[in-house]
Amino acid sequence: MATAAQPSLELALELMSKVPLIGNISQSTHKIPIQCTGLTREQDGHNDWMHMIRAYYDFQVDDRFQPTKDLAGHVDLKRLVQGRAGAVFWSVYVECPKGENDFSDAVHHASMRDTFQQIDLLQRIMELYSDRMEMAHKADDVMRIFRSGKCASLMGAEGLHQLGNSSSVLRIFHRLGVRYVTLAHAKNNLYVDSATSEAPIHHGLSPQGRDMVREMNRIGMIVDLSHVSEKAMVDALDVSLAPVIFSHSSAYALVPHVRNVPDHVLDRLKQNRGIIMISFIPWLTNKDPEKATVENVVDHVLHVGNRIGFDHLGLGSDFDGMPSHVQGLEDVSKYPNVVAAMLQRGISTENVEKIMGMNVIRVLREVEDVAASQKGLLPVLEDAVPQLWDDGIRAYVKKLYPHAEHDRTGASETTTVDKAIEKDV
């Protein structure tokens, strides 16, 4: 039996749910009740199941995905239920274009198309498992879905390369339900340097990157700083009006890997009211990845919590986005193990509740609030579209409709269209 001094896995499960662990969902029809005033179920800030389906199952959602079936990898519906997943940010990640530092539109078109395919894939999964999972678009949706007993599902895109260099596409992603965008993945892009690129090219955020962060603030898209260079982390924290996240990173002080977050950036994160979601990636968790354990994950939680407070923490597994796993966190069914480990290490139930999901819900709500407060104040970031009509056609239109609006507000110089009209006259 568990004691107050040494909470066990059984106590963690009791805190997460009042029903027995469901081992075979075909034998049970009940949903897991939520205690919204006590510990909620686990919230995962980054899960790559959609990439596993694309890469291993060739994008095919068929009879293999029936709720009672076992799937390859770290995730399937049975294990999500066993692990009491309460909310998940599903990554709609696609790979960066081949080569380094080619930021032309043409090389990014395939990434943009593939991202729309991944969004469609997740929506098909939602339809298949509609009695267990539901898409969430706002913080209030997450809480409502929590209370219904389903898994609240949100989307995150993993790199601005997925936009095809278009702010219009960013806004379309947001309308489709994407709620965070990681600024970079493995390579530099037009907007930002990656932590793992061959060499920096912007030395942080480019001017376009600063504009993109402001546009994300304006529309209510969370800025995710996992994968970006250290200088880019600082630049984004300088620019962002809203809290930012690290969706799947850990503490550099414990494991000095470029994907982890240095203490001075953590200090800035506290000022920003953002969160770092501690990853389950072995090489970010322990200097010897083969020895990485759930206890090491909690080491990172404690380091961050003791330095900047437990209000700035979450969990971001990267399940199905890595070839191995941390001991004790083999797949999504093992989420309760990290809860038990946090309790055993003396983290209060109140703080565990925050880490398990309440912090990210707060950030989501504050990002929504910033977008509402900036409505009409921040200008829309418009794409630079090449001129389609030549000056002759444009002069004809301007002459045909002399009393219509023509020139942009504030334009002072005589345009080539005006000159064409004058010549025609």
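Quick reminder: no glycine exception, Cβ is built from N, Cα and C everywhere.
Site annotation for Zn(2+) in Swiss-Prot covers HIS46, ASP48, and the matching candidate from GLU158, GLU198, GLU215, GLU230 is GLU158. Relative to GLU158 (Zn(2+) binding site), the binding-site residues with Cα atoms inside 10 Å are HIS185, the candidates having been HIS185, ARG259, ASP318. Looking only at Cα atoms, HIS46 (Zn(2+) binding site) sits nearest to ASP318 among the binding-site residues HIS185, ARG259, ASP318. Other than HIS46, ASP48, GLU158, the residues of this chain whose Cβ falls within 8 Å of the Cβ centroid of the Zn(2+) site are, in sequence order, ASN47, HIS51, PHE89, SER91, TYR93, GLY156, THR182, SER247, HIS248, ASP318, GLY321.
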